[in-house]
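What Swiss-Prot says about this protein:
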- 1-392: region '3-dehydroquinate synthase' (REGION)
- 43-45, 78-81, 109-111, Asp114, 134-135, Lys156, 174-177, Asn185: NAD(+) binding site (BINDING)
- Arg125, Asp141, Lys147, Asn157, 189-192, Lys258, 272-276, His279, His295, Lys364: 7-phospho-2-dehydro-3-deoxy-D-arabino-heptonate binding site (BINDING)
- Glu189, His279, His295: Zn(2+) binding site (BINDING)
- Glu268: active site, proton acceptor (ACT_SITE)
- His283: active site, proton acceptor (ACT_SITE)
- 405-871: region 'EPSP synthase' (REGION)
- Cys853: active site, for EPSP synthase activity (ACT_SITE)
- 890-1080: region 'Shikimate kinase' (REGION)
- Gly895, Met896, Arg897, Ala898, Ala899, Gly900, Lys901, Thr902: ATP binding site (BINDING)
- 1081-1293: region '3-dehydroquinase' (REGION)
- His1198: active site, proton acceptor (ACT_SITE)
- Lys1227: active site, schiff-base intermediate with substrate (ACT_SITE)
- 1306-1588: region 'Shikimate dehydrogenase' (REGION)
Amino acid sequence: MVQLAKVPILGNDIIHVGYNIHDHLVETIIKHCPSSTYVICNDTNLSKVPYYQQLVLEFKASLPEGSRLLTYVVKPGETSKSRETKAQLEDYLLVEGCTRDTVMVAIGGGVIGDMIGFVASTFMRGVRVVQVPTSLLAMVDSSIGGKTAIDTPLGKNFIGAFWQPKFVLVDIKWLETLAKREFINGMAEVIKTACIWNADEFTRLESNASLFLNVVNGAKNVKVTNQLTNEIDEISNTDIEAMLDHTYKLVLESIKVKAEVVSSDERESSLRNLLNFGHSIGHAYEAILTPQALHGECVSIGMVKEAELSRYFGILSPTQVARLSKILVAYGLPVSPDEKWFKELTLHKKTPLDILLKKMSIDKKNEGSKKKVVILESIGKCYGDSAQFVSDEDLRFILTDETLVYPFKDIPADQQKVVIPPGSKSISNRALILAALGEGQCKIKNLLHSDDTKHMLTAVHELKGATISWEDNGETVVVEGHGGSTLSACADPLYLGNAGTASRFLTSLAALVNSTPSQKYIVLTGNARMQQRPIAPLVDSLRANGTKIEYLNNEGSLPIKVYTDSVFKGGRIELAATVSSQYVSSILMCAPYAEEPVTLALVGGKPISKLYVDMTIKMMEKFGINVETSTTEPYTYYIPKGHYINPSEYVIESDASSATYPLAFAAMTGTTVTVPNIGFESLQGDARFARDVLKPMGCKITQTATSTTVSGPPVGTLKPLKHVDMEPMTDAFLTACVVAAISHDSDPNSANTTTIEGIANQRVKECNRILAMATELAKFGVKTTELPDGIQVHGLNSIKDLKVPSDSSGPVGVCTYDDHRVAMSFSLLAGMVNSQNERDEVANPVRILERHCTGKTWPGWWDVLHSELGAKLDGAEPLECTSKKNSKKSVVIIGMRAAGKTTISKWCASALGYKLVDLDELFEQQHNNQSVKQFVVENGWEKFREEETRIFKEVIQNYGDDGYVFSTGGGIVESAESRKALKDFASSGGYVLHLHRDIEETIVFLQSDPSRPAYVEEIREVWNRREGWYKECSNFSFFAPHCSAEAEFQALRRSFSKHIATITGVREIEIPSGRSAFVCLTFDDLTEQTENLTPICYGCEAVEVRVDHLANYSADFVSKQLSILRKATDSIPIIFTVRTMKQGGNFPDEEFKTLRELYDIALKNGVEFLDLELTLPTDIQYEVINKRGNTKIIGSHHDFQGLYSWDDAEWENRFNQALTLDVDVVKFVGTAVNFEDNLRLEHFRDTHKNKPLIAVNMTSKGSISRVLNNVLTPVTSDLLPNSAAPGQLTVAQINKMYTSMGGIEPKELFVVGKPIGHSRSPILHNTGYEILGLPHKFDKFETESAQLVKEKLLDGNKNFGGAAVTIPLKLDIMQYMDELTDAAKVIGAVNTVIPLGNKKFKGDNTDWLGIRNALINNGVPEYVGHTAGLVIGAGGTSRAALYALHSLGCKKIFIINRTTSKLKPLIESLPSEFNIIGIESTKSIEEIKEHVGVAVSCVPADKPLDDELLSKLERFLVKGAHAAFVPTLLEAAYKPSVTPVMTISQDKYQWHVVPGSQMLVHQGVAQFEKWTGFKGPFKAIFDAVTKE
């Protein structure tokens, strides 16, 4: 029964804790805080809670005469905790006439409590405040102790005061409506207080974790009627009464700790900062991961890191760290920023080491630049009575998974250390199985606390095999075995990580598990490596004995499904045990529970690691079952039926494999190490390592029955071991390898070789350990030779020969392959590098990757190496963070034959500047130029697929990061191994692009192509089979329709080039910063609308595809629509929108499966923007956000019903949600009921500027909001059948309305120069103004005088908006410019004058843009780095041409001219990096090796070409034949429309030619954009300019 409890703080019983105490709450406030005015303050979310409404009504009813109750509601979220909100509340209090006797009642979470407390501390120089916390975090933390504050833009809680409340009234009932994640978030502070102060409460929390999580996870959303407004609200509801006693106690006990600490240290001078345990590091993570991560989640990670820091210092035991980590996980909190679910929640944000340390430096506990951290001594007790100083070096080590090991230089030769390794993994796992199957209680001591045993304990618990509890502050595990009778199938898969021992033992145990009415099987699974490790021999034996087992993925490996309604028969069982002795132990331990006595016969050769089998048999004997070894049959055992009887206590011997590392440290450093609890009586084979390996290598060994001491010889005098059979201790071979690496002798013929055999099983451990050692030793300069069942290590002549692992780019890390033994072995060798150098020599450390993998067997190894053995360690930013910046991930193109892979691969390579490899051609090169078709005829498809896979894996391995395009054969996806390789490459950041087109067109084409191998089956069947594989293996796709004309072909090329540039990040997707718009398409099929799509998009920065309006949602149809749109609009950015019905669209609200598929199509097609509704299920939102790649996300919310005014909390909540999701743009659409709704919207817009915001009102009353919206305003077009939303306007309508409001000022623009009578500039610009509804006017100003232009226009026309400058003023006008663009400076002329305001002007030149954009628009890639350029002529325009070709990436530009003497001064006047080569003679052209694919003619067009110049030109035109794209020549002259240069280029040499009219219009459109900020409607302008 929950009683009202009162907790004293600072000498007063003011903290009251209870359940459903609203009567007491009202009575306490009114009785003990008499006042004329009570002010209840809360946020709008709390107003929806019935319990709050009940409290307000009761408060009103209980007011004494002469008192009044005011309520003040603020918007929810951290943004309300501001100076502005505080000021608004203070103004409200003053207006309402509140005086010094006012009592503030803060009802809410930490934001409300902090802010209202601060208002109370300053209003009228301090009024009374009562805290009524409603969140768990507020109840146990922020409401207690009197800390109040607000946030500023420079940091949280920087402005505030200590102001103790009169009461803190804690009612557990508030937690019923607390959201699940907030509930779990609060548990971090609860666990923290128990951790630092109350060990008994920590133990109680441990035992109630599953109850808590079950109840909290069972929370449901319910609809309730608001008692104050009669509105229907939806709130979360948790069944608190199902865990009321636990919740009450956890809140009460946590409050007691904080109250006691605050009472001792109110102003946080010493003891109170112990409450900051987990916060020093946690706050640093929070600073980076906010708002995605919550405070408690970051503190949880911080607690684990700070506990690991204490363990690193040798203060906290590994067991205590494991307990803390386990309890946090049990309550649903993260323990590492790298947990998969937490990374997805925080949107894969990086937490760089330097940023974390920088954030940690801003901490009130610090003293100057010295950082302080709370150090834990044990669960329930801190080290010292305040935080301790910690170095950045130690923090770096704790905060990263990459470790720097410095040379073992300062370790004294006479050092003697005693090291106790953790309990044996092998014995720990066996003891847990035996105790779970046994009857009675068994106290297991020195159990290894590691990933392996954690998985085993979890499995035993989930299978209800035993009751598990802890004693001795978690050091002793108490197993209450039930004799196997309670083993029951569990519904969830048992995840075992990379725990091979647990997986093998549990496979046999699964055969003894009973079915339940709802569950007839169990699933065992693990991580990626576990799903490669073998388990087949064990499964085969169990299957043969009657247990039904299925493989769920790879044959012979986890995951497996074990059916629990089959039986473990017993009798004779044959088992192949040449790979792992764990198979044998697994069956041995479960055999007594079979239906019949078991005879276990080991077949297939000599069993591996027989000592481990002997260990199992000896342990079974301790638990009451005697195994008899056959005297007549080798390797055969008899196991009787029976039950284990648990010994009252079982002490786990230390792990002998782990003991090899400190013992080897002694050997390598010439020091002495003693392991006091492993001797010659050990059950473990690895106990022989010191005697059989280190002693013959020159070490002094002292071994008793229970201890081992190793003293190493002087450093550098270890001897190689000619031969050692390590079969009895296979896991120790890695340690032997690193010792052998620095062993040498005086025999010139020995090559310092140590030969190790008997370890073949080590190839199928956590990794292929023999290969791993060979690979990593080579990085240190140590050579090895692999043997069939072992390895030879060729030691170095001197330790000084050891190298720091590095490559051409600098130091590299030692890869540990997620293998604990690899990591620990190389931590020793790493310290020997440079250890013999002079003391003052700077020595580079060795980097070890993935240090946390040692957690499998020795989580505290690094702590022992550092604190016990004296090694200097540091942490470092992961190498991949720096190396990946420089890598150029390759592109793999897959798809059916005839999908266009060969052509598009060339385009791809050209667009990115990558190298191209056709894998079919590479195949032929590697097979003596035999064609694929011939190879298939001779060897069959299966052999070809094997070779194809091998080649693919090789090129990815060697060139996956080096900027290649790999064009594959259509059938590469037929091979499962190839599919895996493709998926692995995609998941590593590579680009796998699925190229596809209409299958019917493909079939027609393929049936008529004799050059390709014949299909055995019909093409359609092949497509049906492969289609899913293509989609599964690719992370991007491109729909490439067949092209029937060259113009279509070039349009497709431009479309693809922009697509590939977008998905690879070469082309950045920009969110417009100024006024901009997107048009909303409402067609059901774009196929028939291609002619209209360009004019529909005039004036827009993006186009929205309303997918919910499309005729069907199939992947092919939708992809085709995107392709059509890109091609027709020259790849204007696409907004991909699927609008659901409840958000005003056509898409069914609950069709989430189809919705996911559509979003997948969008992201694979690399759409620039994706509209994500904020009302969708959270899992869909996070899935899209985490897969978005370069796509920008628009978080949208629409109020079609007009339910919410713009000052309603709904919009604030949705905006905060959008911030949490970290969308790129927020889009809110309301409904204007009256004109005032637009004013409220503008206030909202004005106060929400931290994300680009599209905010508009629907209906005609809301039109003004569309005019005032300044980023990506949704618009319609007169060419659309209907608008996408009520009240939508066209771009022209918006501009005209905005002009009428004074938003756009009418400008006068001119073309200046002489003669300009025939200038097309006025019609060019005025056409654009008319179409876009702009008020400007473009006219002619004819003059030869730049002075006159300055007087009349620059100085004399107040409406001057810009000038297009033509001859003869392009040079003269420059003197009047205040700024010149780079283009104007280099080209040496100005053709565009841009007003900057205040009578200042910028001179620009857009001729080069006219050239560049005209070329790109005609199929020239945006980057042509592998092609040279050519300029014909050396006049003024040639400078713009050279500038343009350089901007396209031409590495070399040739220039020819009739008068060659003009070339040299021209070239010398331009930057040397343009690499311009002037051609003096025709002969020199023959020696040019480069392909020339792009040219610009700048010679007069009205005269015939000089013969010499013509000869040079023709020799260059020949060089276009082998360019990577259709060679293209631009004619700079506008008239005549066809020039002599164009004729000869096109007719004789098949160059594509571009008329000068296109350059004219492109440069004019560039001017248009610079002057107006709008993209010019190119097609309409071009038609107007060229219509005569």
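Glycine residues also receive a Cβ, built from the backbone N, Cα and C atoms like all the rest.
Features recorded in Swiss-Prot, as mapped to the structure shown.
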{"residue": "Asn157", "record": "7-phospho-2-dehydro-3-deoxy-D-arabino-heptonate binding site", "Cβ contacts under 8 Å, 6 or more apart": "Asp114, Lys147, Ala149, Ile150, Asp151"}
{"residue": "Asn185", "record": "NAD(+) binding site", "Cβ contacts under 8 Å, 6 or more apart": "Leu136, Leu137, Leu294, His295, Gly296, Glu297, Leu333"}
{"residue": "His279", "record": "Zn(2+) binding site", "Cβ contacts under 8 Å, 6 or more apart": "Val299, Gly302, Val374"}
{"residue": "Cys853", "record": "active site, for EPSP synthase activity", "Cβ contacts under 8 Å, 6 or more apart": "Thr816, Asp818, Asp819, His820, Val822, Ala823"}
{"residue": "Met896", "record": "ATP binding site", "Cβ contacts under 8 Å, 6 or more apart": "Gly970, His996, Ile999, Thr1002, Val1022, Trp1023, Arg1026, Tyr1030"}
{"residue": "Gly900", "record": "ATP binding site", "Cβ contacts under 8 Å, 6 or more apart": "Leu995, Arg997, Ala1040"}
{"residue": "His1198", "record": "active site, proton acceptor", "Cβ contacts under 8 Å, 6 or more apart": "Arg1139, Gln1143, Gly1144, Phe1228, Val1229"}
{"residue": "Lys1227", "record": "active site, schiff-base intermediate with substrate", "Cβ contacts under 8 Å, 6 or more apart": "Asp1171, Ile1194, Gly1195, Ser1196, His1197, Leu1253, Ile1254, Ala1255, Leu1272"}
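Burial estimate for the binding-site residues (Val111, Arg125, Arg272, Gly895): highest at Gly895, by number of other CB atoms within 10 Å. Of the ranges 1-392, 405-871, 1306-1588, the one with the most Cβ pairs under 8 Å to the region 'Shikimate kinase' (890-1080) is 1306-1588.
The binding-site residues Ser135, Thr902 differ in how many other CB atoms lie within 10 Å of their CB, and the one with the most is Ser135. When the binding-site residues Asp43, Glu78 are compared by the number of other C-beta atoms lying within 10 angstroms of their own C-beta, Glu78 comes out lowest. Nearest neighbour of Lys81 (NAD(+) binding site) by Cα distance, taken over the recorded positions Glu189, His283, Arg897, Ala898: His283. A straight line from the CA of Arg272 (7-phospho-2-dehydro-3-deoxy-D-arabino-heptonate binding site) to the CA of Glu189 (Zn(2+) binding site) spans 14 Å. For Ala898 (ATP binding site), the Cβ neighbour count at a 10 Å cut-off comes to 21, with all displayed protein chains included. Here the candidates are the binding-site residues Asp43, Arg125, Leu275, and by Cα distance the one nearest Lys901 (ATP binding site) turns out to be Asp43. Around Ile191 (7-phospho-2-dehydro-3-deoxy-D-arabino-heptonate binding site), the same-chain residues at least 6 positions away in sequence with a Cβ under 8 Å from its Cβ are Phe202, Leu205, Ser300, Met303, Leu324, Ile327, Leu328, Tyr331, Leu333. In space, Leu275 is the closest of the binding-site residues Glu78, Arg125, Glu189, Leu275, Ala898 to Glu268 (active site, proton acceptor), judged by Cα positions. Sequence-distant neighbours of Glu189 (Zn(2+) binding site) (same chain, six or more apart, CB under 8 Å from its CB) are Leu136, Leu137, Val140, Asp141, Ser254, Gly296, Val299, listed in sequence order. Comparing the Cα of Asp43 (NAD(+) binding site) with the Cα of every entry in Arg897, Ala898, Ala899, these being the binding-site residues, the smallest distance points to Ala899. The distance from the Cα of Arg125 (7-phospho-2-dehydro-3-deoxy-D-arabino-heptonate binding site) to the Cα of Leu175 (NAD(+) binding site) comes to 34 Å.
In sequence order, Lys192, Thr193, Ile196, Lys258, Val261 make up the list of same-chain residues 6 or more apart from Leu275 (7-phospho-2-dehydro-3-deoxy-D-arabino-heptonate binding site) whose Cβ falls under 8 Å from its Cβ. With Thr902 (ATP binding site) as the anchor, the candidate binding-site residues are Glu78, Val111, Ser135, and the one with the nearest CA is Glu78. In this structure, the C-alpha atom of His283 (active site, proton acceptor) lies 53 angstrom from that of Ala899 (ATP binding site). When secondary structure is read from DSSP and collapsed to three states, Asn157 (7-phospho-2-dehydro-3-deoxy-D-arabino-heptonate binding site) falls in the strand class.
Leu175 (NAD(+) binding site) sits 55 Å from Gly895 (ATP binding site), taking the CA atoms of both as reference points.
In this structure, Gly900 (ATP binding site) belongs to neither helix nor strand by DSSP; it is coil. Around the Cβ of Ala899 (ATP binding site), the number of neighbouring Cβ atoms within 10 Å comes to 23.
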